[in-house]
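The next block holds one structure in the form of structure tokens; read it before the comments.
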């Protein structure tokens with residue numbers, strides 16, 4: 001117990017978390033004012049589980065009927081031809097056989113290497129979710145982002161710090177916690193906790209680690225800003241990030257429903273809003289107040305440096321994703337539509353088709369000469385925020 005008490009005392013060191021000459025006792029709740037308390041955040045864990053359960057109900061009873069009404073089918077990628085030998089290699093050894101193993105399987109089955117590669121690609125894709133599942137996931141995120149963004153705008157337009165960011169630091173850290181801020185923080189933290197854990201069960205994407213880092217940075221920022229009462233600027237950061245997420249999820253839904261014109265329009269709106277807000281408004285409005293205005297009014301202290309480092313990390317992620325968006329937009333313009341981007345989670349290639357592998361090697365040449373996939377898989381899997389997401 002003494003060791004644990006020592007660790008907790010070290011972790012909650014006032015000289016790290018709070019400005020000079022401020023103690024935790026100064027921020028205890030009183031009859032006159034309520035301040036953020038670290039234990040308030042414990043509520044987010046059970047609430048994250050509740051949000052995940054609500055998502056399952058929403059996808060099953062609301063999103064799925066909507067998808068069916070839009071004629072979105074539940075069938076997934078084309079299944080690979082049953083083959084006991086390849087299936088054993090796939091499940092027990094490797095899902096990505098190297099050249100040496102491919103040549104050995106080619107001799108064993110009398111199939112050419114290209115056909116075996118295609119079988120493994122189809123078998124990997126077979127484990128991917130259907131378009132229906134993708135639509136349901138996007139509809140859930142769209143609904144949450146729309147709600148939380150609307151709530152944030154309605155709340156923030158009544159606050160003085162939306163119009164003058166210096167208000168985030170006047171009388172800091174003795175700024176009382178309002179019910180609106182508490183609700184906003186707990187709901188956002190719960191949602192991102194649910195995203196962090198559901199990332200392991202959702203559609204697997206190529207930028208899995210980048211999104212994991214994004215979720216960890218976001219959760220850390222929420223916790224940091226709440227514990228040391230930087231909640232005012234925290235609400236600005238959260239609302240700014242939620243804005244573009246609504247549009248990208250709407251664009252993906254339109255794409256899954258094969259409404260290409262609407263998808264293109266929504267993606268264009270998303271790209272403009274994302275780049276302008278993340279590369280323009282965020283550094284000029286948010287980073288300016290957290291780095292310079294707070295330095296002038298409050299002054300730096302250890303957790304101030306950590307908080308701003310996390311915000312700068314977020315800015316680097318914004319730059320990376322903006323690059324992906326511009327790359328996607330350029331490709332879409334050249335092809336005339338938004339098809340897929342660098343987060344595509346279905347493996348496809350213009351020189352490989354998805355037709356079933358032939359039983360014998362001498363049939364493969366005929367198969368390879370037809371059914372070429374000269375396009376893309378048609379999935380807009382989303383360039384992220386927040387929040388896919």
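Note that Cβ sites are derived from N, Cα and C of the backbone, with glycine treated the same way.
Given the structure is predicted, the values throughout are model-derived calculations rather than measurements.
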Open item on the list: Between the candidate ranges 5-22, 23-40, 41-58, where does TrEMBL place the transmembrane segment annotation?
Closed with: 41-58
TODO: With TrEMBL as the source, identify the stretch among 208-227, 228-247, 328-347, 348-367 annotated transmembrane segment.
DONE: 208-227
Open item on the list: Tell me if the transmembrane segment (208-227) touches the transmembrane segment (305-326). I count contact as 3 or more CB pairs below 8 A, with pairs 6 or more residues apart.
Closed with: yes
- [ ] Determine the mean pLDDT over the DNA-binding region (88-131), rounding to the nearest whole number.
- [x] 86
